[in-house]
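Look at Swiss-Prot and you will find 29 tagged as S-diacylglycerol cysteine. What Swiss-Prot records for 176-191 is compositional bias 'Basic and acidic residues'. The compositional bias 'Polar residues' annotation in Swiss-Prot covers 197-206. Among the features that Swiss-Prot reports, Cu cation A1 binding site is placed at 246, 287, 291, 298, with the record citing similarity to another entry. The feature Cu cation A2 binding site is assigned by Swiss-Prot to 287, 289, 291, 295, with similarity to another entry given as support.
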């Protein structure tokens, strides 16, 4: 009788685990994560996202941890229950055999213990693919397209396309600098002979894959590049590297994408889109791919402003081509320099330790 009760308890525990995980699976990964201290604890250090894609990834991250903890508690509970219920010392006191009843040929139990892990793995795989597809989808109809070029050890940002309502010209804006782009195209092949080089026979100095724009923001050792973007607007990023591999990473996007040289030859998807940035402010961006001596200092800033301010900013840049990015930021009432990170002198000849230029952040 006692053995039957124990077997019934184990079966109920297993059934409870199946029902519990099934409920989580049906809930889906896009259910909002818990808020407050509990949500912060379950986030395990992840920042709160500022895009819908980031929110989906954050929710998935949190619910995976919730599922893992539930499974862990169930398994720990069964382990502790078995440890105390079927101990040799307890069996000896009760005058029973040292070993409990063996269940190695309990077909229903073995089926449950095989099927449940398969369901868990399949559910996690399903929600992983679901979240990944949402994050990498190229279906946002971007109103702003930004060309991003990484190089040792800084960034260049250019506005390739801007929709009419945000454009400095009042109509759809195409920002390609045709003259510089044509010059880059000429570097594709060496002049006056065959090209015995490994990149499909192209010149080692080929820069034709890079994009050049009329309105650009270029980072220097004295000034962090500030990329100005509108809030609540679909944005597309087009990435490339001018030298070694880099990676474009904004922690609040909860997403990073590698920037390669010759991305097409490397079979890389160089573009990604976000539906909108939901919060205005300054957000630090970083290189997330080890790229040499000053990799850790290769920062930039995303400055998110209202669509109205963004249109004013672009108009100022378009009407004043000689003005600096800091001048344009001042013109719309924004801090002229990066506020989320500071410049670092990345010149290889710097050896005196004077790596911080306090005048640039003033």
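Counting begins at 1 with the first residue displayed.
Just so you know, glycine gets a Cβ as well, placed from its N, Cα and C.
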Residue distribution over DSSP helix, strand and coil in the compositional bias 'Basic and acidic residues' (176-191): 8 helix, 1 strand, 7 coil
Residue pair residue 289 (Cu cation A2 binding site), residue 246 (Cu cation A1 binding site) - Cα distance, angstrom, rounded: 5
Output field, Cu cation A1 shell: CB within 8 Å of site CB centroid, site 246, 287, 291, 298 dropped: 150, 152, 153, 244, 247, 259, 286, 288, 289, 290, 292, 295
Packing count at residue 289 (Cu cation A2 binding site) (other Cβ atoms within 10 Å of its Cβ): 19
Distance [Cα-Cα, Å, rounded] between residue 295 (Cu cation A2 binding site) and residue 287 (Cu cation A1 binding site): 7
Binding-site residues (246, 295), the one with most neighbouring Cβ atoms at 10 Å: 246
Cβ-based neighbourhood (8 Å from the centroid) of the Cu cation A2 site, residues 287, 289, 291, 295 excluded: 150, 153, 244, 245, 246, 247, 288, 290, 292, 298
Listed in sequence order, residues with CB under 8 A of residue 287 (Cu cation A1 binding site) and six or more positions away: 150, 153, 246, 247, 248, 249, 295, 298, 299
Under 8 Å by Cβ from residue 291 (Cu cation A1 binding site), counting only residues of that chain that are 6 or more apart: 150, 152, 153, 244, 245, 246, 298
